[in-house]
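Participant: Quick one: the structure is below, questions incoming.
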Amino acid sequence: MQNLEGSGDGQQVEMWTDGACKGNPGPGGWGVLMRAGQHEKTMHGGERQTTNNRMELMAVIEGLRALKRPCRVTIHTDSQYVMKGMTEWLANWKRRGWRTADKKPVKNVELWQALDEQVGRHQVQWRWVRGHAGDPGNERADALANQGVEAARGR
């Protein structure tokens, strides 16, 4: 499938996301698997110097950016950082001017803000999946994230 854009009727999209990093910090990658009906799209990318948490966030941001119209999206992630950030911490960070409960600046704030903006375009449900536990979508996203690491390493 060339483009998984979503239709104007709020198409249902299932999305699996993952991030990987060798060194943490070090070369990292992100991967996304999206399915809508019979259509499927995969994406990956990477950075030469990054962290695992940044790559986890980038996977979701890039997956949502690829949807050109508002959709109903179920995001499957093995990242507690992303899951808790979006379902527990985000509202308080925003209320405190992007500060934690300890009054420290939120780490990766520009990525959290970008993710918040993308989530606002869609109806999003969050699902946590255990990593490396046989979930086929998560395993594919993990493989894509590792492709992103290799691309960042220049291989």
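Numbers here mean position along the shown chain, with the first residue as 1.
Glycine is treated like the rest: Cβ placed from N, Cα and C.
Relevant sequence annotations retrieved from Swiss-Prot are reproduced here:
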{"type": "DOMAIN", "residues": "9-150", "note": "domain 'RNase H type-1'"}
{"type": "BINDING", "residues": "D18, D142", "note": "Mg(2+) 2 binding site"}
{"type": "BINDING", "residues": "D18, E56, D78", "note": "Mg(2+) 1 binding site"}
Participant: If one measures from the C-alpha of D142 (Mg(2+) 2 binding site) to the C-alpha of D78 (Mg(2+) 1 binding site), what distance in angstrom results, rounded to a whole number?
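Facilitator: Rounded to a whole number, the Cα-Cα distance is 10 Å.
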Participant: Reduced to three states, what secondary structure does DSSP give D18 (Mg(2+) 2 binding site)?
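Facilitator: D18 (Mg(2+) 2 binding site) sits in a strand per DSSP.
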Participant: If you count other Cβ atoms within 10 Å of each one's Cβ, which of the binding-site residues D18, D142 has the most?
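Facilitator: That would be D18, with the most Cβ atoms nearby.
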Participant: According to DSSP, how is the domain 'RNase H type-1' (9-150) divided among helix, strand and coil residues?
Facilitator: 56 helix, 47 strand, 39 coil
Participant: So around the Mg(2+) 1 site, D18, E56, D78 aside, which residues have their CB within 8 A of the centroid of those CB atoms?
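Facilitator: Here the non-site neighbours turn out to be T17, G19, A20, M55, A59, T77, S79, V82, G131, N138, A141, D142, A145.
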Participant: By a simple count, how many Cβ atoms lie within 10 Å of the Cβ of E56 (Mg(2+) 1 binding site), its own Cβ left out?
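Facilitator: For E56 (Mg(2+) 1 binding site), the count of other Cβ atoms within 10 Å is 28.
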Participant: Just to confirm my parser: what is the rounded mean pLDDT across the domain 'RNase H type-1' (9-150)?
Facilitator: 97
Participant: Give the distance between the Cα atoms of D18 (Mg(2+) 2 binding site) and E56 (Mg(2+) 1 binding site), rounded to the nearest whole Å.
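Facilitator: D18 (Mg(2+) 2 binding site) and E56 (Mg(2+) 1 binding site) have their Cα atoms 5 Å apart.
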